[in-house]
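Here is what Swiss-Prot records for this protein:
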type	residues	note
SIGNAL	1-22	signal peptide
TOPO_DOM	23-849	topological domain 'Extracellular'
CARBOHYD	N62	N-linked glycosylation site
CARBOHYD	N98	N-linked glycosylation site
REPEAT	132-152	repeat 'LRR 2'
REPEAT	153-176	repeat 'LRR 3'
CARBOHYD	N200	N-linked glycosylation site
REPEAT	250-272	repeat 'LRR 7'
CARBOHYD	N285	N-linked glycosylation site
REPEAT	336-358	repeat 'LRR 10'
CARBOHYD	N355	N-linked glycosylation site
REPEAT	359-383	repeat 'LRR 11'
REPEAT	408-436	repeat 'LRR 13'
REPEAT	506-519	repeat 'LRR 17'
REPEAT	520-544	repeat 'LRR 18'
CARBOHYD	N531	N-linked glycosylation site
REPEAT	545-568	repeat 'LRR 19'
CARBOHYD	N554	N-linked glycosylation site
CARBOHYD	N590	N-linked glycosylation site
REPEAT	593-614	repeat 'LRR 21'
CARBOHYD	N605	N-linked glycosylation site
REPEAT	712-736	repeat 'LRR 24'
REPEAT	737-760	repeat 'LRR 25'
CARBOHYD	N743	N-linked glycosylation site
CARBOHYD	N791	N-linked glycosylation site
CARBOHYD	N811	N-linked glycosylation site
TRANSMEM	850-870	transmembrane segment
TOPO_DOM	871-891	topological domain 'Cytoplasmic'
Amino acid sequence: MITIIWSLCLIFCLSNSILVIAKDLCLPDQRDALLEFKNEFSIPSPDSDLMLILQTTAKWRNNTDCCSWGGISCDPKTGVVVELDLGNSDLNGRLRSNSSLFRLQHLQSLDLSYNDLSCTLPDSSGNFKYLRVLNLLGCNLFGEIPTSLRSLSYLTDLDLSYNDDLTGEILDSMGNLKHLRVLSLTSCKFTGKIPSSLGNLTYLTDLDLSWNYFTGELPDSMGNLKSLRVLNLHRCNFFGKIPTSLGSLSNLTDLDISKNEFTSEGPDSMSSLNRLTDFQLMLLNLSSLTNVDLSSNQFKAMLPSNMSSLSKLEAFDISGNSFSGTIPSSLFMLPSLIKLDLGTNDFSGPLKIGNISSPSNLQELYIGENNINGPIPRSILKLVGLSALSLSFWDTGGIVDFSIFLQLKSLRSLDLSGINLNISSSHHLPSHMMHLILSSCNISQFPKFLENQTSLYHLDISANQIEGQVPEWLWRLPTLRYVNIAQNAFSGELTMLPNPIYSFIASDNKFSGEIPRAVCEIGTLVLSNNNFSGSIPPCFEISNKTLSILHLRNNSLSGVIPEESLHGYLRSLDVGSNRLSGQFPKSLINCSYLQFLNVEENRINDTFPSWLKSLPNLQLLVLRSNEFHGPIFSPGDSLSFSKLRFFDISENRFSGVLPSDYFVGWSVMSSFVDIIDNTPGFTVVGDDQESFHKSVVLTIKGLNMELVGSGFEIYKTIDVSGNRLEGDIPESIGILKELIVLNMSNNAFTGHIPPSLSNLSNLQSLDLSQNRLSGSIPGELGELTFLARMNFSYNMLEGPIPQGTQIQSQNSSSFAENPGLCGAPLQKKCGGEEEEDKEKEEKDKGLSWVAAAIGYVPGLFCGLAIGHILTSYKRDWFMRIFSCFSSPLKK
């Protein structure tokens with residue numbers, strides 16, 4: 001009994017000791033380091049109970065056990081902090097290299113994601129020699145990755161994603177992190193090539209390098225990553241062929257290499273059509289794949305006829321390439337396939353789906369915009385689970401009865417654009433149809449069967465022959481949000497009822513009257529190329545806080561652009577070719593997302609809006625043919641158009657001198673940069689929002705060329721023609737190496753043509769005509785191989801026209817009215833050429849006299865000798881002939 005009592009006492013004492021130890025587990029130096037680290041940042045006071053819960057550090061207090069604090073885990077034996085999880089904890093400040101954080105040297109996991117650290121990654125980060133997990137996602141880091149990270153030899157997870165200003169190249173030494181399993185660097189600004197040392201990370205299972213600015217090809221060493229399951233290289237600027245070594249990644253389940261410039265050998269490079277290409281072999285070897293996205297590249301291969309080895313495939317997207325040949329029927333037999341997107345390729349021939357015996361799991365099928373022909377196979381109706389179907393621009397060779405598609409009862413999205421349809425008003429769509437796209441279907445009447453649709457979300461009936469007015473019942477459809485009726489023959493006044501439409505596109509019709517006030521709540525409004533009159537509705541000023549796209553070009557609108565209608569989310573504004581007047585709206589300075597701005601051919605009277613340079617995303621600015629005046633540069637103006645691709649201020653009354661460094665800082669025109677658009681909130685299902693339905697006129701040598709969609713992005717242009725600019729052409733123009741079109745004609749520029757123009761290696765059109773330029777045409781311009789159009793006429797240039805195929809192929813009118821110019825293609829010879837021609841002529845004359853003399857002397861001797869022979873021997877035949885000529889004389 002005594003023994004039992006003593007045992008119970010011992011257990012009680014030990015348990016109390018353990019509790020005491022547990023209570024005092026936190027080491028003082030660890031607690032102090034944590035509290036000091038917290039005080040290094042500004043943390044807003046929680047304004048609600050929810051914020052109090054979210055702020056992990058809110059209950060950190062001195063004289064309490066730090067191992068019980070939120071976000072903290074300690075080693076149960078030593079009491080050191082081994083895990084610090086402060087993700088999304090409202091930390092605002094700068095993580096310094098001497099931060100108390102680095103005193104927690106036993107950390108194994110550090111998560112500071114979604115805080116504002118506003119710093120370069122300190123070299124001290126390499127001091128965490130036991131660190132296994134480092135998560136700095138979305139921390140506003142900038143600069144380059146420090147080399148000290150190579151010291152984190154135990155690291156298994158590294159996430160530096162969504163740090164928009166994290167730059168430089170991926171370090172070759174990152175290949176030393178041989179225990180790494182997860183590496184995520186998405187949405188940064190990394191450049192350069194992928195180091196081959198990345199192939200040393202043989203334990204890597206997840207690699208995400210998407211949304212960066214890399215260059216070059218993928219290294220063959222990527223094939224060493226045998227454990228890799230997820231590979232995401234979306235939008236990285238890679239090019240070239242995919243290494244065949246990737247075919248050995250047998251564990252790969254998710255592959256996304258979309259939106260790059262990867263290529264593959266096409267059918268023409270195959271010695272035999274029976275031989276599988278390297279690309280086909282690589283694809284078939286990846287038998288564990290479940291998700292494949294190869295879209296928006298430059299692949300030209302044919303798909304293998306038998307793809308049954310990819311039995312686990314659930315999603316297969318190769319859209320936006322140049323795949324050719326027939327679509328293999330084996331694709332439709334894959335048992336797990338849910339999504340198949342083969343759109344926008346060069347597939348041809350009839351579609352053969354094959355005999356589908358078992359129920360198909362296929363839910364999404366996109367095969368539009370190819371070269372498929374022949375009748376639509378009835379076997380497509382066996383895909384009873386289809387919820388989305390796109391067969392756009394299928395050459396059926398005749399009229400297709402719309403009713404056959406109504407048998408697919410699960411359809412929610414249907415795109416039959418470009419197919420000649422027979423539509424009856426008695427048709428009944430499935431009640432859950434959400435997206436219906438019937439563009440270019442030869443429809444002549446508004447589809448009345450839409451009147452009772454209760455789920456329709458997106459309707460596109462553009463590019464048909466529908467006449468009359470838009471039926472009022474359209475605006476009563478309860479779920480309708482996106483409407484495109486452009487390129488029809490709708491007429492009369494546009495009668496719209498108040499509704500929650502997000503996007504309304506009605507350009508290229510015959511609407512007239514005033515723009516109805518009901519449009520004021522719309523986020524995307526495109527009414528270009530109609531006959532609207534009156535003013536821009538003033539309701540925009542007070543109602544619409546979500547307007548993102550406003551296109552009203554080529555109407556008869558008058559008045560001013562409403563000053564208060566332009567809010568922060570505006571992304572594209574085109575009111576060109578109207579009768580608008582007044583001043584340029586200064587409220588545009590609030591539109592930080594603005595990319596496309598066109599007010600051409602109006603009557604706007606104002607000075608140059610230099611404050612537009614503060615808009616960080618502006619890519620196109622067109623002020624052409626207005627009444628703008630004054631200088632386009634002001635002293636002290638240090639800003640530049642960093643992302644501008646198209647700059648047209650022609651046909652105004654701008655004046656003044658441009659400083660020599662005026663074009664410094666025009667980054668996109670200076671170097672090749674593929675702008676990645678991370679602007680949130682503009683995705684629209686089924687509508688090409690990227691193009692904004694943009695249209696801009698480019699003038700080259702008097703000819704107008706309309707750039708539609710993304711054309712302005714390709715033709716990087718500066719047009720300042722038809723103004724009163726004077727002084728020298730800025731020498732800094734030579735920085736803009738990506739410039740395609742440069743027009744500075746019809747101004748008062750003086751001085752010499754800057755030799756730096758020869759640096760514009762991509763220039764295709766150059767117009768400097770009708771200025772007061774003097775001196776010679778720089779000879780280096782003759783070496784610009786793409787310069788197909790040029791005009792130097794009506795200046796005061798002199799000297800020889802440079803040699804070069806492109807220059808010599810120009811019409812002489814391109815150099816006219818420059819009295820001092822000479823040489824081809826002008827008729828006027830240069831001074832040196834005239835002397836050379838004269839010397840050559842004199843030399844030729846001398847040679848001819850010498851030749852005559854050389855011929856005369858032997859001829860004389862020869863003649864005398866022959867005469868002597870003839871007169872001495874007097875042959876009978878000679879005397880008879882001679883006597884015939886001489887006898888008349890004797891008479």
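Backbone N, Cα and C define each Cβ position, glycine as well.
Note that this is a predicted model, so its numbers are computed, not measured.
For the recorded site, N590 (N-linked glycosylation site), the DSSP three-state label reads helix. The most densely surrounded of the glycosylation sites N98, N200, N285, N791 is N791 (count of other Cβ atoms within 10 A of its Cβ). Around the Cβ of N554 (N-linked glycosylation site), the same chain contributes S528, N529, N530, G576, S577, N578, each under 8 angstroms and 6 or more positions distant in sequence.
Counting only same-chain residues at least 6 apart in sequence, those with a Cβ under 8 Å from the Cβ of N811 (N-linked glycosylation site) are P825. Note: the CA-CA distance between N200 (N-linked glycosylation site) and N285 (N-linked glycosylation site) rounds to 22 Å. Outside the repeat 'LRR 13' (408-436) by six or more residues, the chain places 363, 366, 368, 381, 383-394, 396, 398-402, 442-443, 445, 447-450, 453-460, 479, 685-686 with a CB less than 8 A from a CB of the stretch.
Secondary structure at N355 (N-linked glycosylation site), taken from DSSP and collapsed to helix, strand or coil, is coil. Of the candidate glycosylation sites, N355, N605, N791, the one lying closest to N285 (N-linked glycosylation site) when CA atoms are compared is N355. Listed by sequence, the residues of this chain that lie at least six past the ends of the repeat 'LRR 2' (132-152) yet keep a Cβ under 8 A from its Cβ atoms are 87, 108-126, 158-163, 165-171, 173-174, 176-177, 179, 184. Nearest neighbour of N590 (N-linked glycosylation site) by Cα distance, taken over the glycosylation sites N98, N355, N531, N605, N743: N605.
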